[in-house]
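Enquirer: Attaching a single structure in structure tokens format; questions to follow.
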């Protein structure tokens with residue numbers, strides 16, 4: 001079995017090649033299916049938003065005698081019938097209870113019942129109310145930030161690579177990453193919180209970095225071909241993707257490992273839900289971003305450029321030379 005070093009060398013020289021561009025129709029169909037499934041996921045399963053988005057009441061029980069979450073669930077249900085609740089252990093020693101919006105009297109009753117159930121003094125149970133307007137503000141600002149990010153990304157990449165088609169392919173890849181990541185979140189039943197939204201926006205930066213590295217190699221290969229090209233444009237693009245394949249995989253693994261560690265430590269040891277939400281969205285996004293760069297962005301760029309008359313003429317010369325014409 002070849003080592004990663006040997007595989008990397010073979011991919012770089014073209015001795016071994018994976019048909020990313022040649023089988024792009026297959027990858028595009030797969031991408032379309034994934035995007036449609038991800039877009040339909042919220043309607044099929046529904047999206048679970050945190051209380052920061054929906055609004056509600058929150059209770060924090062400090063240093064309870066027990067951290068059994070079922071106690072809080074049963075207490076809330078017995079005190080206010082029909083109220084849904086979400087119970088989380090914070091820092092391994094505190095209990096946080098989030099419910100739908102309660103009246104002032106109901107809030108006092110639940111706080112008193114939680115204090116009795118967990119055998120703590122009444123002042124050890126703090127209450128707060130979270131209005132849905134805060135979540136609406138976060139959503140609006142996130143959408144504005146996303147729009148500005150995509151616009152600046154398109155402009156900067158167009159200037160850097162001197163072609164808008166690379167920018168367009170990169171933007172399609174970014175949108176693909178965002179939609180599929182949110183779809184996976186919805187299908188898996190993960191809760192979308194402000195921390196998760198931050199994670200969604202963060203993975204766009206990683207996806208952009210990975211795409212830029214691959215596109216830079218594509219530009220190098222296609223520029224060096226010139227008049228005496230021995231490869232078609234699509235073949236040069238495919239070679240560039242293969243040449244950066246090992247680097248993309250290694251970068252993704254190196255990036256995913258610490259994120260996975262944060263996810264594991266944050267959720268199982270520290271009970272830090274914010275860490276878990278951010279790391280979970282980033283972890284899923286890293287995997288999706290790697291796929292999107294290799295199977296969507298690069299093949300799409302090749303498709304856009306191959307329609308140009310100059311590229312078509314150059315490809316015809318390469319094919320004619322191979323045929324001995």
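Cβ atoms here come from the backbone N, Cα and C positions, even for glycine.
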Enquirer: Checking feature assignment: transmembrane segment per TrEMBL, candidates 168-186, 225-243. Which range matches?
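Expert: Of the candidate stretches, TrEMBL labels 168-186 as transmembrane segment.
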Enquirer: Test the contact criterion for the transmembrane segment (27-44) and the transmembrane segment (192-209): 3 or more CB pairs under 8 Å, pairs 6 or more apart in sequence, then answer yes or no.
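Expert: In this chain the transmembrane segment (27-44) does not contact the transmembrane segment (192-209) - fewer than 3 Cβ pairs sit under 8 Å.
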